[in-house]
Amino acid sequence: TKQSRNQILREIPVDTPPSNPSPIKHTKSSSRKHQHKFSKENDSPYDVPDSSPSPSVATKSSPAATKLKSPLPPRPPPSSSLKRKLSNDFSLDNCVSGSDDTGVIVRVRPTSKNEEEGEVIVQKTSGDSLTILGQPFTFDSVADATSSQVDIFNLVGAPLVENCLAGFNSSVFAYGQTGSGKTYTVWGPANALLENELSSDQQGLTPRVFERLFARISEEQSKHADKQLIYQCRCSFLEIYNEQITDLLDPAQRNLQIREDIKTGVYVENLTEESVCSIKDVTQLLKKGLSNRRTGATSINMESSRSHSVFTCVVESRCKSMDGLSSLKTSRINLVDLAGSERQKLTGAAGERLKEAGNINRSLSQLGNLINILAEVSQSGKQRHIPYRDSKLTFLLQESLGGNAKLAMVCAVSPAQSCKSETLST
């Protein structure tokens, strides 16, 4: 009867939210083959501008949904406390715990000789905010034209190393318009990679990260000598050009395929991996890989990066516990120099350059879209399809964008009036 059915329905608790465990993804690395060439892509401070759209995140909750089925899961705690809990629960006792996320850092490059002094449109107003033509923006940190390579390392690189040693997949993306300083920020100028210039002030983020990583590994091994703590590092270097993957350490290997399996996770088939033990080894790989990277001239930048480059280091640590059992922990560092976004009208792209630009902008849009969806899922707790397979870049880095991962984005911008729309888009 109607009455008895209502009584039964009243007894079912509707307002109890379902439990929402958030599983942690432990990544595993893949190992492949080993081999080696040299380049000059980063001559002056700061890349050439690239801009790609990053749509803003909007989250909506539907009251109808709460009435009909079960309500949405509760909101997760603030990211800082969540990360702190993860680093305490999941790091082995032989390691430091991960530091807080560095988030989004904006770096404003100095004006170039071609740009008139009077037309600067970006003004830093505090350590974490700036204005563009009077419109205010706030980020995790802002580095103006006077910032040095050391400042960027302290903001991004040092936390990256600590997070990696704590067992997190850790990535840095350099994003922005072509000519805005991405390549300079990530790699530094070519002459700073020469062995006799490792102390150069212009040394990029990557060599500084590995200098710190090997120093910290040495410290940890000395501190935990009783546990026979041993670290091993393996590096690979690839580029994604027109949605095709090339091995920069062995350029004959082109159009490589991304594979995925339960044991090794996501990996690139036949990609060269080299074991590294010192900053000298890493510098040799960087010189060889950067010399093979695709660059091209546009009206904005004489040596514009025409591909996304990804330098990856897999860090494995083994130690023996009190009961004699061995523990293995694996994490990876990804240093990603994205190709510059651009407007074809501004850069004068035509022919092959136009095709490249179309692929670059599409890939950057897909990355921005994916990050927005991840942010929406994190804020609302709503389950959604995450489109990792929309591009080679997001598929390759899916274990470093979601799951047990920390990500910092360095947004490079130009202060010039002529780059206003690209700077706002970035």
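Yeah, the Cβs are placed from backbone N, Cα and C, and that goes for glycine too.
Annotations in TrEMBL come from automatic prediction, not curation.
Taken verbatim from TrEMBL:
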type	residues	note
REGION	1-86	region 'Disordered'
COMPBIAS	25-37	compositional bias 'Basic residues'
COMPBIAS	45-70	compositional bias 'Low complexity'
DOMAIN	101-426	domain 'Kinesin motor'
BINDING	Gly176, Gln177, Thr178, Gly179, Ser180, Gly181, Lys182, Thr183	ATP binding site
Quick one: mean pLDDT on the domain 'Kinesin motor' (101-426)? 86
Local Cβ density at Thr178 (ATP binding site) - other Cβ atoms counted within 10 Å: 32
Among the binding-site residues Gly176, Gly179, Gly181, the one whose Cβ has the most other Cβ atoms within 10 Å is Gly176
